[in-house]
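Here the structure is laid out as structure tokens; the discussion comes afterwards.
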Amino acid sequence: MPMAELEQVFRRYDANGDGKISAEELASVLRALGAPLGPGEVRRMMDEMDSDRDGFVDLSEFAAFHCGPTPAHGGKGGDAKDQEAASEAELREAFRMYDADSNGKISARELHRVLRQLGDKCSVADCSRMIRSVDADGDGCVNFDEFKKMMGGGGGRR
């Protein structure tokens, strides 16, 4: 994911605009996405991202987490296959939040619904344009492989 897009997502999470995401802000966004988590699960997510252990996630920590954390950027190091499996599971969970009808594809309307819940003022037409930019197979939707490429910054753009 390009840094400009990561910054835009970060700003959605950073509700008070102080340049860092608190556990409360993370929990609020997850509730808006229809994925309310208990305090323990929110804390676990924060711990995964908060490499300097100050209790908040700043933009650099957020970017490192979403672009494949390394041990130098707060990652756990360890077995690459374990990290890849954990990353794949997290991506699948994120994909399911967007895929409201569980058909394995994210439509412009599904993307629009989630972005509106996050406070974005975009239109369905804007969402269609976003989807076209990553829709490698031309079906008008984003499947999991396209979503994975988009989230990993690995191409898929036309």
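Heads up, the Cβ atoms here are built off N, Cα and C, so glycines get one too.
As recorded in Swiss-Prot:
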DOMAIN    1-36  domain 'EF-hand 1'
BINDING   Asp14, Asn16, Asp18, Lys20, Glu25  Ca(2+) 1 binding site
BINDING   Asp50, Asp52, Asp54, Glu61  Ca(2+) 2 binding site
DOMAIN    86-121  domain 'EF-hand 3'
BINDING   Asp99, Asp101, Asn103, Lys105, Glu110  Ca(2+) 3 binding site
DOMAIN    122-157  domain 'EF-hand 4'
BINDING   Asp135, Asp137, Asp139, Cys141, Glu146  Ca(2+) 4 binding site
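Positions of Swiss-Prot features highlighted on the structure.
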residue	record	DSSP (3 states)
Asp18	Ca(2+) 1 binding site	coil
Asp52	Ca(2+) 2 binding site	coil
Asp101	Ca(2+) 3 binding site	coil
Glu110	Ca(2+) 3 binding site	helix
Asp135	Ca(2+) 4 binding site	coil
Cys141	Ca(2+) 4 binding site	coil
Glu146	Ca(2+) 4 binding site	helix
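Cα-Cα distance from Glu61 (Ca(2+) 2 binding site) to Asp139 (Ca(2+) 4 binding site): 35 Å (rounded to the nearest whole number). Within its own chain, the domain 'EF-hand 1' (1-36) has Cβ neighbours under 8 Å at 42-43, 45-46, 49, 55-59, 62-63, 66-67, 93, 97, 114, 117-120, 150-153, counting only residues six or more beyond its boundaries. Comparing Lys20 (Ca(2+) 1 binding site) with Cys141 (Ca(2+) 4 binding site), their Cα atoms are 32 Å apart once rounded. Same-chain residues lying 6 or more positions outside the domain 'EF-hand 3' (86-121) and placing a CB less than 8 Å from one of its CB atoms are 12, 29, 32-35, 68, 127-128, 130-131, 139-144, 147-148, 151. Look at the binding-site residues Asp14, Asp54, Glu61, Glu146 and count other Cβ atoms within 10 Å of each Cβ; Asp54 has the fewest. Using a 10 Å radius centred on the Cβ of Asp52 (Ca(2+) 2 binding site) and all shown protein chains, the other Cβ atoms total 11. A Cβ within 8 Å of the Cβ centre of Asp135, Asp137, Asp139, Cys141, Glu146, the residues given for Ca(2+) 4, is found for these other residues of the same chain: Lys105, Ile131, Val134, Ala136, Gly138, Gly140, Val142, Asn143.
If you compare Cα positions, Asp52 (Ca(2+) 2 binding site) sits closest to Asp99 out of the binding-site residues Asp99, Asn103, Asp137. Under 8 Å, Cβ to Cβ, and six or more positions away along its own chain, Asp139 (Ca(2+) 4 binding site) finds Lys105. All protein chains considered, the CB of Asn16 (Ca(2+) 1 binding site) has 10 other CB atoms within 10 Å. Same-chain residues that are not part of Asp99, Asp101, Asn103, Lys105, Glu110 yet have a Cβ within 8 Å of the Cβ center of the Ca(2+) 3 site turn out to be Tyr98, Ala100, Ser102, Gly104, Ile106, Ser107, Cys141. In the three-state DSSP scheme, Glu61 (Ca(2+) 2 binding site) is classed as helix. For the recorded Ca(2+) 1 site, residues Asp14, Asn16, Asp18, Lys20, Glu25 set the reference point as the centre of their Cβ atoms, and the other residues of that chain within 8 Å of it by Cβ are Tyr13, Ala15, Gly17, Gly19, Ile21, Ser22, Phe56.
Counting only residues at least six positions away in the same chain, the Cβ atoms of Tyr13, Asp14, Ala15, Asn16 sit under 8 Å from the Cβ of Glu25 (Ca(2+) 1 binding site).
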